[in-house]
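Take a look at the structure below.
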Amino acid sequence: MAPAKGSSLTPIQVENLQFPASVTSPATAKSYFLGGAGERGLTIEGKFIKFTGIGVYLEDTAVDSLATKWKGKSSQELQDSLDFFRDIISSPSEKLIRGSKLRPLSGVEYSRKVMENCVAHMKSAGTYGEAEATAIEKFAEAFRKVDFPPGSSVFYRQSTDGKLGLSFSLDDTIPEEEAVVIENKALSEAVLETMIGEHAVSPDLKRCLAERLPIVMNQGLLLTGN
């Protein structure tokens, strides 16, 4: 892709959270562009309460792998296609997911729901076994002593070889070192599946991905406004 001819990807604001158009991780020295961002919340007593803003960052190599199948499709077509989001999840490029808190949450409180969703998906997909149960235990342990005040973040790095790197920050800064790396491909993919897959916790994030990625696939990638 020739950047000079590409489309301009801009940052995204989710409530008071800013998601830059691109980031570079000091832990890996890799750069990622913002595929999309959106809110996650729950309806409590008839009122929608926003708890988290989620941003999905992709390596630029993801664009070509997605474009071979999805270039030329409309945003609505992509939003309506589960296969599109599954292709993002399984694309042969590294992903970095940032989950930043809008309300205070304990690590145990936050991770419990994430783990429930991941285990439910893996069981339904037939990928949950002894290794995955052990990986879930490591996941729980990583969050046990963590608290999330408003504005704090968890970063999930999903490597192409199935590793899931976790890091924690009191703001939106990517830590220089990861807190833990869990070697389990099924769990790694399940984290993103629960966010943008069949039973997505953030329809807003899915909509944003379906709106932004067609522009990149059709016009190339040019990052602005970091």
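Positions of Cβ are set from backbone N, Cα and C atoms, glycine also.
As annotated by Swiss-Prot, substrate binding site applies to THR52, ASN117, THR194. In the structure as shown, the Cβ atom of THR194 (substrate binding site) sits within 10 Å of 23 other Cβ atoms. In the three-state DSSP classification, THR194 (substrate binding site) falls within a helix.
The Cβ of TYR110 (site 'Important for catalytic activity') lies under 8 Å from the Cβ of LYS101, PHE143, PHE148, VAL154, each of which sits 6+ residues away along the same chain. According to Swiss-Prot, the site 'Important for catalytic activity' annotation covers TYR110, on the basis of similarity to another entry.
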Those binding-site residues listed as THR52, ASN117, and which of them has the most Cβ atoms within 10 Å of its own Cβ: THR52
Span of the substrate site, taken as the largest CA to CA distance across THR52, ASN117, THR194 (Å, rounded to a whole number): 16
